[in-house]
């Protein structure tokens, strides 16, 4: 090994704290960057690839078959801006029943001769395309589990048609839930039901405005009201990318924090390494090292742990990305997502370049030091900066070690200034994570709608080897349950909720319709805008529904597949991320005329003030026993894997940032105590006890910690105020103030002290070392 | 100075002894005047040039040893030779020979922190001699050592000089100057005030002792 190699190796091996700190911070920065970069890449790639391959439809429009003929609709393909079109295809909303007799959710069926090529070319993932009536291809994305040779019956249709599943296909823009040959459509369409579907590709379709312009163009020559529903490819894309996109703003925040800390702490640690090694540099130069060799040696000393940290960081980033990618893979079915190697390479090159530049800058300065000055480090008196602070602190009614410690940052202002941002970044991360935890808690609460004190839930279905089995038991009469609740003493207010499935024209898939009996506005539903429904024919919907259907508050929407079409007016936007937001909340009375078959009926009760909930539940259960249902305390528990993952990930990243911030402080204080070891020896010789020594070293970081904490908390709150709405946008949610404004004074004050805590944590070890140093040894130290 | 001479620089604290040594070693630059060593104008060298000059012309021993604590004794000694481009095997052989001659070969794999002051100074001497420098500089080489260890180092320097090594020793220890040098230069306030031979030093020391 060369002389340079020996020096580098010994520098890395024998200076473990510096090596560990550099390794850890690079690992953290790389892990966050690999995770963030990977998610950024994969969030768009699978959809874009599939969309290009299938020539997905930029816009699919559902037309009322009674208002325009197929010929009229076909001419819409000639509208300005349309580059290709397919259709018109006959469509119908049907409710199938399986071989087992189990009723299924309604679905949209389209009649097509073939999978298509020019627009929305379907990919057959299994089986074949239907060639005759009596055959059907199911969408891989439909709610009905697609299995070949399965038979579907349609009892609601004349002649009870029966279809055999012959294939499974995927439409990237999800234009329908199933496809049959056009000749089959007549048997699936009842009078007053059904329509036509046209699929369009436009020359310009990158923005919502361009899509809206395209829609205007294709419907311009059709009678008003012909278009009854539409779906933009931008909406489908956003939904498809939602799971991964949700993480992106959050990871960008942590990535930027990590990067800032990397720059600061790598700089600090390398500068510390060079600072503590100044005498060593002097010796190296005295022995014959050139300045360039000194620089190379110290860059090498920083790069070796950084390279190890980078390798571990790539590994950690990939491991963290696995669960998130797995979720995305599920969205795209069989497609396999992998981490792009160029992301790894870019991150590795970027971080190592950063370390190299930082180390080079610090070492270059040290390398240019006069050898005689470098050798004299530790033997010459300090410049005497900050003596005024010592004098001033000495006048305060404070113990001497505290006064000496408090004055220390003024003797080494540059070091305190470098240490400050590390503490600041750590405190910003803690503040942000506390806020995010609170915000996600609010989202979870809004999602659970669990304000009830007592819930009488619908009985769970029995699960057999092949899944849920038909429930032969007679369903409990909701009216009898309501009567039992009413009769139970202590009942304050209550409502019941039941679920039905419906379709909305122009949007593939089903919408969950929750119908309430009684006032449910107190049940934990968080309004984003508008108001809760209180008039017949009104409904509230989540943000996702508004986006998918292109509606807004005040619009009406028709729900199909409920027996009879039901039209409701949207009066409010509610926060609920379940089912991608495809939900409608309305009064059960609005569905009465449609004879909707409500399932999963639950009852939610708020007890009177002062009522013992346990006693209330016991008494109610006695009354409910004959009805075969059970009451339980609390609302429905609807935890979210996504929330748990986000909370875990943020806690993990924050812990890493705090640890790295503390290590940054440790590096700075270590350098300081080493420099002052003779001074500490003098103090000890004069009678300073180990406890007082610890106090002196710890108080030397108090001002830095307090100042950093005071600045960090507003920064953390601002970061939270930026990231949370961005995450909401990614998830297709508008977040109300109750979710974003989560900080209160009682939280902010302890958070401000977080900076002090991090600084103290970092200073503990060097303080202990200083206290344990033998006085004689300290006095002899050069 | 002539080759083979051993010169002691004597003087009170602050007289400029160490500064003179630093100027000769190329560790520092004079504000005025020139420094010429073995035909090389040291004062005109840049940092890199001074490093190359030290590798080839100078061996240096300091009061506080200036050993690299994170390298073993053997690695410390080998370092100047490896920097100068000597083959590894040859450098190892030369280091082993020096360590054996100086009686510290058993510590070859130890780190300097584990050695006594005298042993550390022997390591420093071994490292200084590694490249067979024409000039060995010693700055208060016994200043941090106990009496016995100081005498050992003094004897070592005398033996080296006897073998032809040119030596400059900065010290305020008259006994050291007497035992290992044959010429003494006294300086005060940065100027030479006296330049005498070794016998004169011995006489001076004896007279001083008699006066007490």
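Glycine residues also receive a Cβ, built from the backbone N, Cα and C atoms like all the rest.
Automatic prediction, not curation, is the source of TrEMBL annotations.
The structure displayed is predicted, hence computed values, not measured ones.
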Range annotated as transmembrane segment - as stated in TrEMBL, picked from A:624-648, A:649-673: A:649-673
Which range of A:694-717, A:718-741 is transmembrane segment, per TrEMBL: A:694-717
The annotated transmembrane segment range in TrEMBL, which must be one of A:20-42, A:43-65: A:20-42
Correct range for transmembrane segment (source TrEMBL, candidates A:201-223, A:339-361, A:362-384): A:339-361
Annotated range (TrEMBL: transmembrane segment) out of A:130-158, A:159-187, A:246-274: A:246-274
Rounded mean pLDDT for the residues that make up the domain 'ABC3 transporter permease C-terminal' (A:253-368): 76
Any contact, the transmembrane segment (A:416-438) to the transmembrane segment (A:748-771), with at least 3 Cβ pairs under 8 A: yes
Secondary structure composition of the domain 'ABC3 transporter permease C-terminal' (A:653-767) [DSSP: H/G/I, E/B, coil]: 97 helix, 0 strand, 18 coil
